[in-house]
Amino acid sequence: MKHLNTPEEIATFISSMDTFLLDVDGVVFLGTQLIPGVVEALAHLRSLGKRIFFVTNNSLKSRTSYVEKFSAKGIHGVAKEEVFSAPYAAACYLSDIGFPKEKRVYVMGADGVVEELREQGIQACGGMDDKDLAFSGMDDLHRIQPDPSIGAVLTAFDAHINYPKLAKAHTYLQDPSVLFIATNPDVADPIGTQTFPAAGSMYQPLIKSTGRHPIIVGKPHETMLRVILAKYQLDPTRTCMVGDRLDTDVLFGQRGGCRTMAVLTGVTTESMLNQAEVAKRPDYVISSLGLMR
């Protein structure tokens, strides 16, 4: 684990890499605010011919929405193809396994998830359409029946999770041929000085009620990384995953044989790095991505 402190150390490190995979929350943004120096750092890396991809577990936004957000904050020229999100990874996974065209995916999540599925030609239902489902008593559950058109249940972060949604997903998953997929395993996310339930908390009731465990496609699982490396024929030994979490970002890079770097602008602190098992530590540490300019 090498700390990059001087301009010379940072320049040497950058020259040893061809591609940077950047987490978004905690690396590029902190909440809604752009981390100082990031715009200049990204411009510098691009001027050196480095390839940049943004890799996020956030399932609220589609890739198109991310491009619009970047542009609004002064990060211009990002192509949709340079953004890899957990919902997009789920869509790619379903496409790659030949998910039947006549089947639908029931989504517990936001519109960004549904949008990514439909862009891949996959039928989707649920999502925000089910956010106001009424539940006044057990008699309402008689309306929820098995549906042979459902081929998968996909869970993501859902700020409008409710009992009817869980009941629907549970019912569909009673059919063993229906796939159970989750975008990512993060159980809680930091917001300011507090933490709140995240996407990984949304599928836990279904594990308990069905006895099934989901296929997880986001970080730290390798599905998304395999898509990126194969699609762009990247050399993992000259690719660096940059993130603020050891349990998702760093582990994600390690599992794919990439170099790894932790920034100290998000979840991980210097104390956490020192207390981590050696095998779970990143190859490099830098105070902020904004220093890479």
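Cβ atoms are placed via backbone N, Cα and C, with glycine included.
Keep in mind that what you see is a predicted model, and the values were worked out from it rather than measured.
What TrEMBL says about this one:
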ACT_SITE  Asp23  active site, nucleophile
BINDING   Asp23, Asp25, Asp244  Mg(2+) binding site
ACT_SITE  Asp25  active site, nucleophile
BINDING   Lys219  substrate binding site
>> Just to verify a number: CA distance, Asp244 (Mg(2+) binding site) to Lys219 (substrate binding site), in angstrom, no decimals.
In response: 12
>> Counting only residues 6+ away in sequence within the same chain, which have a CB under 8 Å from the CB of Asp23 (active site, nucleophile)?
In response: Phe54, Val55, Thr56, Lys219, Met241, Val242, Gly243, Asp244, Arg245, Asp249, Gly266
> For the binding-site residues listed here, Asp25, Lys219, Asp244, which shows the highest count of neighbouring CB atoms within 10 A?
Replying inline: Lys219
>> DSSP secondary structure for Asp23 (active site, nucleophile), reduced to helix/strand/coil, please.
In response: coil
>> Using the CB centroid of Asp23, Asp25, Asp244 as the Mg(2+) site centre, which other residues of the same chain sit with their CB within 8 A?
In response: Val24, Gly26, Val27, Val28, Thr56, Gly243, Arg245, Asp249, Val263, Gly266, Val267
